[in-house]
Amino acid sequence: MEPWYKITLSSEEALARANTHLENAKETKDRRQAQKLCDDAKEALDRMDISMSIKDHDQIIAAFRQHGKLLEKLGLPDEAQLSYSKADELRTIDKNTPAPPLAQVLPLSISSAYVVSASTISSSTAAIRNRGTVMPTIFTKDCHPPVVQFTLPGPDDRLTSTRQLAFCLALLQEMTLPLDSLDASTRAWLTATEKNQDEKERLRTLATDMIRALVQDKLKDIKAINEVMCLAPVLERPDFRALLSLFVNMINDSLLLDVQALQGLASMIQATPEYIEADDLVKILNLLSTRLQETFQQSPQHIYRLTMTVSRVLDAMADCNIQGLDRVKLHEPLLSYLGRLKSDKDPYIVYQAACAFQALLCVPDDEELWQATLRRSGADIKGVGGLARAIKGLNVAEFINGLSTIQEEFQGASQIFGLVQDSYNGVTNLKESGQGLLESLKNGLSFSHKRTWYAALRGADTLIQNGELTKFKTLVCEAPCRRDLAFHWGVCQRLGYLAADPAWEDVSRKNAIAFLGEMYWNDEEWGQEPRIKQCILDILLQLSHSTSQESIHSVVKILLRDLSIEGDENKRNLYQSCIQTGPSAHTWNISASHLDSSSLIDQVQSKPSIEPALRKYQSHRIQEQEQRHTVYIPPEAKPTRESPDDDLFDLTTRVNEFLLAADSKVLLLLGDSGAGKSTFNLELERNLWKAYNLDKKWIPLFVTLPAINMPEEDLIAKHLRKDGFTEDQIRELKSYRQIVLICDGYDECQKKDNLYNCNRLNQPEEWNVKMVISCRSEYLGSDYRMFFQPGGRNDRNGATQLQEAVVAPFSMAKINHYIKSYVTKYQIPGETVWTAEDYQSAIKRILNLQDLIRNPFLLSLALEVLPRLVDLSTDLTSNQISRVTLYDQFVEQWVERGQKRLIERSLTGDDRVALEILWEDGFTRNAIGFVKSLAVAIFDEQDGKPVVEFLPIRDRSSWKAAFFGHGDGKNLLRETCPLSRTGNQYRFIHRSVLEYALARAAFEPRQLGADDQDSVEQLDVQYGDNRDGPSKDTPSSSPLCRKSFVHEHSIITFLSERVLQSVQFKNQLHRFIDQSKSDERFAHAAANAITILVRAGVLFNGADLKGIQIPGADLSGGQFDSAQLQGADLRKTNLRNIWLRQADLNNAQMVDVKFGEWPFLKEVSSVLSCAYSPDGKTLAVGLGNGTISLYETTTWEKTHTLSGHTTSVSSVVFSPSGQQIASGSYDNTVRLWDAQTGAPGAILSGHTSWVTSVVFSPSGQQIASGSYDKTVRLWDAQTGAPGAILSGHTSLVMSVVFSPSGQQIASGSYDNTVRLWDAQTGAPGAILSGHTSSVTSVVFSPSGQQIASGSDDNTVRLWDAQTGAPGAILSGHTCGVMSVVFSPSGQQIASGSYDKTVRLWDAQTGAPGAILSGHTSCVTSVVFSPSGQQIASGSYDKTVRLWDAQTGAPGAILSGHTFCVTSVVFSPSGQQIASGSYDNTVRLWDAQTGAPGAILSGHTFYVTSVVFSPSGQQIASGSYDKTVRLWDAQTGAPGAILSGHTETVTSVVFSPSGQQIASGSKDKTVRLWDAQTGAPGAILSGHTSLVMSVVFSPSGQQIASGSYDNTVRLWDAQTGAPGAILSGHTSSIASVVFSPSGQQIASGSYDKTVRLWDVESGRCLTVVKDFHGATASIAWNVNGNGSYLATGCSDSSVRLWQVIGDHHLVYLHWSSMHDRLVVSNIKISKAHSLCRMNMKLLEQRGAVDDPILEEVR
């Protein structure tokens, strides 16, 4: 259905509607309503078919006049005049002759159209001249935009021309005729091709290749440009913009102006303007403006082409409604240049300049807001382009009226229509005014007028493009500027284009030629300007020379013949002059395009065919994945390894964002072994292949890195060659395609190369790549980003191009989802069938299984083996299933199924014989032996690289033949083992299976039947329990003897679990350690063994380890209390967080041992500032006592003390040369010092309050200082002379810093802002606001691109140093940030805080890193060493602490309570320990092994005290909830609740008889209770602060209580009378206990010590230190093995200590967790090669030559 505004009304209906509206308008009192009714009347008249309304002629005139009168009354005289003019125009028309169309939308009747022949033109000449109107047979119908029909190609057919390709793409983009207007063959082709994605992509790729071929074409002649330009309207956005960029670069780079490039650029801007951005146009215009200034000495053709292109650019800018063009840089220079062209004698140049100038007037400068608005038919159109685009949907008459109308109401106000203001009034009949063409054109260059002809021509362009030729004719004939010579010139130009283009229908082209003839003949209508007549002849002559089409050529020739004999003498003379001169040098672009040669399309079709190869590869990859039959559950991930576990996101979404982000190049995918990295990567590849079918954008390449030899070189090509791609195809992919490179298993390729950089990815002429690379988390150290970041370590852009994601373990929801999918899809026939509910039940009932199967690979193993491993009908709570147990069962089931398949195949010949031999010898034993031997060989022969490539001929004599050759049943064993094969490459189905097999080779569990026991003794030698007995081990007897596996995390984990299963294996490992004492060949075995044992939690307290050789072992977190390590080889061992208290290390080899910590420097006063010298050899420390200490960083000896300041030194800094030191002080001065001698230099005075910050400029010539006086002052660093004073802050300035370039200064203030300043002039710059509290520290990144600021709002904020835009906010500190610093590489940020910690952050992402704890007071200063390897931090605790910047992350923590432990007690049998915690629970532990037991929950607040009843049947616990609760110790059921205390219950104890309970409280009392009835008894008062611990003596006669008053008090349990007071602790007492004999008391305190006391004398017997928090609870037990203390500490640990002898020596027996270094009282004086740094560290941690007993009296 036609839209309402296109429906023609009969004259009767139109008049009826119009008169009704006009009558209503006369009656209404509402002015606005009257105006609307007038508009409705006009709309009705406009839609009337005047040509069919002769009988109503007078009524129509009357209606227009009535309409005009009403408009006059409404105060709209201009609109009224328009109605009067139309009435007058109708009056001049003969009533008996059909009127010409007036403001008519629909074309004339199609029946009146016919083909215009040459004879028609000739015979109609007189009629045209005499009629004075355009011949009615010209443009009588619209036509479709030009499309040249071509033979359509079949799939993969070769195309014959570029225009054929353009035609195909136009059809596919639906840019041509409607489907029903196409012929049958075209419709069939279009339908078939729409369904054929590969063919569609081939055609699009050809267009892309055409662009690339033109880019590479060195000549780029006009033929090549024209060949490509016909594709411009059908190009996709990336290709269009690539071509646009090419033309721009050609213009910019050419020495002489490139005419071809100008023509191409102009055509592109006209072809597809929607792909051109506003910024592009401004940049292009800027370039063209520059070139305009250079063209005065060049040819007129250059000037003409350049001016025409400028006009096209400005047209497009008007279309885009661009505003604010820079007046100085662009607007005025262009106006000036175009104005100068008025003096040119060449009308072609003047016309083009006039067009450009009119376009420029439509793009306002930055001093004027211009808006052109046409309000018609309810539409608002802005700008010339908008007006032109709207023509198709608007009434042409309204457009013409708009050009004629001076004023029109807009939003209730009168507004000038910008396109015609000041110009319509100046348009006159050229015959009457006598203007010539040049004068008319020069008026177009008036600096103050916008001309109607320009807007009309823009409208005409749109009509021609849409094929609306009838509207074009109406516009040309009725536009108010129809007699403007500039308009005539433009119309001629457009008719010439149309006539020359063979894409148009013959009828339309011949009509255009006839129109030109009419304009030449009809002087009355079109004027007599000779230049116009010459222009028409120019066009016809060009057409006669270039038109190859016979029918068009003959029409032009006949017309030229008629023109030569027609007209007066002047016209004939003009004709002869043009013939003699020939066509103009300006071609008007009306000649046929040079498309005879299709060199580029032929060239690109000669390239290697890549799509068929890709389709084959795609099909192969998808088929491979379908054969894997894996369950896929979309994983979640967290941003970094240090991120909290709950900071999760959907990994698929994040990877999609990465692929779409232009700046991101590498995504590092981390995760534990079995976390699902490979599964995700394969799913990513599959999804990308699916997407490739739709858009052909990214080609996914899944690369198994260990399968590629030397992946650091030519990685992608090597992978493609393996998959059968030819070298030509590889070059094609490299040159023209985008790759998603999915690199799987970086950790397995046994290299640490940056594969992105080594392969030069995304470099010029290299692969265009997005890289996704996966790696196990444990494989990487702390400084791992350097192996993946594009560019160098200090490349900031590279840092932003690297993204990171860490695959998270499965949640229970994902586990259940996985189980349901598994049950549905992958139950194995013949196996025990479980439902999803069966699996979920087993998982809930088996201890620790839930935590284990959060790993997706372990989950898949568990689901496969559980039905055979457990019986659902039994009690599963006692089942212990470890990781290694799952692998044991999985591998054996795999082998069994393989064996079953072999039997079902009915083997014959040699295979049958081999199977029978294997069967008789124990098939399972042989298969598992094969697996183990292969794993050992892989680690021995190729260092653990998991992929084995076997070529039968090449490798027939190598180790590989023993596993992958033929004969002896090898092929049968391979088929039954968990191996996969890809071509000639073999690997285990998962890396962890290889590691399991190696671990099983190191120790074979004796779980198989007698027939299946492995007889290969060298892999598993049985030994007795006597570790000191004779050994059959040899240095080659086990894989552990031949290679270090210390860093093979998974293998160590498997073997540590074996230790927990097998005493035999544990003893074997101990033997390896013992054998290393006398045989260095066992060093590897011993290092592996002790690493495994430590990981398994085996304790070495008091062990005799003299002379062991364990170089490179990992003892981190191990317990070696009082161990004998004299003469041990500990080179390169990892001793992080080791418990080495009282160990003897004399004569031990300690080269390169790693404690994971640095020593601290003890000072006499608070440390306020620290600074390294530029060479890193000196550290300066500013102190609160006004001095500066200098340390030599090799020995950490103090070299100088600088004295001079009269109070605290708040800031200290070295000059860039290292020769000077500047210090700022609270004495209001800055002082200079000689850094070598310490001699004082100049004193810089001027500040009126404390100086808080001092800094040198990068050149060393300036010093800047910030102060409490709210200013920053500049000083001359050589003379000390004062410079500028920078004022602006409204509060004290805390930090000042120069940018690396020295051009900027940044200052942070208590006014919560950071301010930027010009370092040379002192002028203020940007103010960075965002902090909500005082800014205490400001620093530039090394690149100068970032600023980091620390604040009292507990955050560090990042800012863009150039724009001041805020970046990431680094949150984590719990108190104000005092110091912030970038690492030298710019990759890290360190911040020090009032919360006593130093925190590390990723400078690019803001992700939190390690937290460095150790200071006991606020951290005031943090600084990196110049190498970036160390961090020094100063604190109010009077220390400077040194940290390793790379390994500052905390070590492993063994699980237990989740909050601090407050109470620990033995059960009466001594077999159990109960502990209470601030996690509101009571936990039970096995007293011998430390294994966790039941958890008692019920208290509503912190548990403070726990105790067993003497019978062991009850447990009593006290809590912050002010109650004592009783529990059944066997069932855990809650019992009575004892209430009475008015504050928190801190301690509860049963009397030895079990009849009484005593409880201590924060209400400062001890209360007694009847244990049976709960009735309250005596209240014991005396403590001056809250009571924390209460205990009965073994006899029940005494009570001891510990209090926050730092004392232990004794009481008579019967009378309540007070006894002795035990004093000595320096802080509150947290726990008190009697020894079993009742003769001693042990007390734990918040002073982090435990003291033993003699009850009778009250004397302190010994002090136990090395606690990392308050010792909140103590229990004492004596059994047949000795006397033991159990302690619970606020550091969340439970420890068991052995008390030995009358001297009460105390040794650690075991600890539930250990995460800190403890080295007190060790012997190190004779240790070899211990570096000074480590020596200093050990000395500070309490290491001395001989153990001592402190405070024993």
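Don't overthink the numbers, they just go from 1 along the chain as shown.
Each Cβ is built from the backbone N, Cα and C atoms, and glycine gets one as well.
Just so you know, TrEMBL annotations are computer predictions that nobody has curated.
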Of 15-44, 75-104, 525-554, 1335-1364, the range TrEMBL labels coiled coil: 15-44
Helix-strand-coil residue split for the repeat 'WD' (1622-1663), DSSP-based: 0 helix, 23 strand, 19 coil
Within the repeat 'WD' (1244-1280), residues counted as helix, strand or coil by DSSP: 0 helix, 20 strand, 17 coil
Mean of the pLDDT scores, which run from 0 to 100, over the repeat 'WD' (1244-1280): 91
Folded-back contacts onto the repeat 'WD' (1202-1238), same chain, C-beta under 8 angstroms, at least six residues removed: 1166, 1168-1175, 1178, 1180-1190, 1244-1245, 1247-1256, 1258-1260, 1263, 1265, 1267, 1275, 1277, 1280
Beyond the flanks of the repeat 'WD' (1328-1364) by 6 or more, those residues with Cβ under 8 Å of it: 794, 796, 1291, 1294-1301, 1304, 1306-1316, 1370-1371, 1373-1382, 1384-1386, 1389, 1391, 1393, 1401, 1403, 1406
Stretch-level contact, the repeat 'WD' (1580-1616) and the repeat 'WD' (1622-1663), CB cutoff 8 A, at least 3 pairs: yes
Positions on the same chain near the repeat 'WD' (1286-1322), where near means CB under 8 A and six or more residues out: 1249-1250, 1252-1259, 1262, 1264-1274, 1328-1329, 1331-1340, 1342-1344, 1347, 1349-1351, 1359, 1361, 1364
